[in-house]
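Taken from TrEMBL, the feature substrate binding site covers Thr108, Asp182, Glu207, Lys237, Asp241. Among the features that TrEMBL reports, NAD(+) binding site is placed at Gly273, Glu274, Val275, Gly276, Lys277, Gly278, Glu294, Asn397. Marked as compositional bias 'Low complexity' by TrEMBL: 17-36. As annotated by TrEMBL, domain 'S-adenosyl-L-homocysteine hydrolase NAD binding' applies to 242-403. If you look up TrEMBL, you'll see 1-56 marked as region 'Disordered'.
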Amino acid sequence: MQEFSKFPTKTGRRSLSRSISQSSTDSYSSAASYTDSSDDEVSPREKQQTNSKGSSNFCVKNIKQAEFGRREIEIAEQDMSALISLRKRAQGEKPLAGAKIVGCTHITAQTAVLIETLCALGAQCRWSACNIYSTQNEVAAALAEAGVAVFAWKGESEDDFWWCIDRCVNMDGWQANMILDDGGDLTHWVYKKYPNVFKKIRGIVEESVTGVHRLYQLSKAGKLCVPAMNVNDSVTKQKFDNLYCCRESILDGLKRTTDVMFGGKQVVVCGYGEVGKGCCAALKALGAIVNITEIDPICALQACMDGFRVVKLNEVIRQVDVVITCTGNKNVVTREHLDRMKNSCIVCNMGHSNTEIDVTSLRTPELTWERVRSQVDHVIWPDGKRVVLLAEGRLLNLSCSTVPTFVLSITATTQALALIELYNAPEGRYKQDVYLLPKKMDEYVASLHLPSFDAHLTELTDDQAKYLGLNKNGPFKPNYYRY
């Protein structure tokens, strides 16, 4: 109180009060994002903003947040040493000189490091967000201040979302020749709205299971007229980002939004792929009783051998305290399931797309929606039962918390190399199909990250290499090897 009384004016006391209140609010926002509430009423589309160079070729929440966003990016760079190393090694050669990359990913400090790496390697970039809740406003502002044409802010409407994508693609005097996508929305938009642009694209890099599924559908239908790189199924994405990132970020997202204690809680995780495995490992470690739903007998057997009970969702839906989806499918949790859930059941999604939980079925007159925190809604039934819905069924970790920077460095480095490979590949190397990253490239990405752990690889002798039929420098595993 003595310290507080040193602020004699009402203004001073209001400032202190506001900073405390702001900290409280920020603890529940994505990446503890700074948000100026005075801007909330005005859509960024209605603002006239320019950066310090006089450019207005962007649309962000508040360009004045750029300095704070720059600090966030610099912090991320410290734990993304491999990507920074790639930037330093290759920026003299400018392997992406002439590349015009249009991107649609989460816009966070970590992806900002990737975007600025691509620019350092010679590319021109225009960027939008793949998720309406995951953008860090201050990071978007920092990118805009640095000259990147970025169109994104946290809390976009559906109309804003597609408007931002269109602004990235549709610009006089600039035509994209590369696509970096997360979820397939950008690829779908260019394919449908700008077919002439799509035909001239030299390559697509896609990092999510949802987007990859869309690419394979186009390929199967004979409509994919450009080569595409499936980053999601590369070893350095699937076995690290999908598994280890989700193992740490699932709890972060749930704790920030609900403050729930997991010891003894009944949880059902829908899907036991790499994302599901990561989520289950974290929940089990905190003492939760974890059930699994699966369609694949191999994944189901893995779950059983890991000590989990494999069930049908209908069998446990009345008893569970938490439902987590991570299948990449649609209508995994239906209105029928939601009607049968117990009071205060928490429902969230760890898959990329917002199709796994049938949220649309909850927007009916008999149900009441109550926003209790940022990204936390109580859906109230007529009898008073409440279901706690997180991020409106969108990706939990990037909508409600943060993700580990180091593991994103692995994915970002893989994406950068995939873009370099597709852009510089001689004609004929890649046809109009979907490809996996070459094994040698996966191993290179992994090797760039080993120095962070002071790890020392054992080298094969000539005799050992001959015995195994390997090159001493790799690749060390055949393409069919499952890690």
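The backbone N, Cα and C atoms fix where each Cβ goes, glycine too.
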For this session: Sorry to bug you, but what's the C-alpha spacing from Glu207 (substrate binding site) to Gly278 (NAD(+) binding site), rounded to the closest Å?
Result: 18
Exercise. For the binding-site residues Gly273, Gly276, Gly278, which Cβ has the most other Cβ atoms within 10 Å, all shown protein chains included?
Worked result: Gly276
For this session: Would you mind listing, in sequence order, the residues at least six apart from Asn397 (NAD(+) binding site) in the same chain with a Cβ closer than 8 Å to its Cβ?
Result: Cys245, Cys246, Ser249, Ile250, Asp252, Gly253, Met350, Val403
Exercise. Of the binding-site residues Gly273, Val275, Gly276, Lys277, Glu294, which one sits closest to Thr108 (substrate binding site) when you measure Cα to Cα?
Worked result: Val275
For this session: Counting Cβ neighbours within 10 Å across all chains shown, tell me which of the binding-site residues Lys237, Lys277 comes out on top.
Result: Lys237
Problem set entry | Of Asp182, Glu207, Asp241, i.e. the binding-site residues, those within 10 Å of Glu274 (NAD(+) binding site) when Cα atoms are compared | Asp241
Exercise. Can you tell me how far the Cα of Glu294 (NAD(+) binding site) sits from the Cα of Asp241 (substrate binding site), in Å?
Worked result: 21
For this session: Tell me the Cβ contacts of Glu207 (substrate binding site) under 8 Å, same chain only and six or more apart in sequence, or just say none.
Result: Thr105, Asp181, Asp182, Val231, Asn232, Lys237, Thr411, Gln415
Exercise. In the structure shown, with every protein chain counted, which of the binding-site residues Glu274, Val275 has the densest set of Cβ atoms within 10 angstroms of its Cβ?
Worked result: Val275
Exercise. Counting across all protein chains shown, how many other Cβ atoms sit within 10 Å of the Cβ of Asp241 (substrate binding site)?
Worked result: 26
Exercise. Here the binding-site residues are Asp182, Glu294; which one has the lowest number of other Cβ atoms no more than 10 Å from its Cβ?
Worked result: Glu294
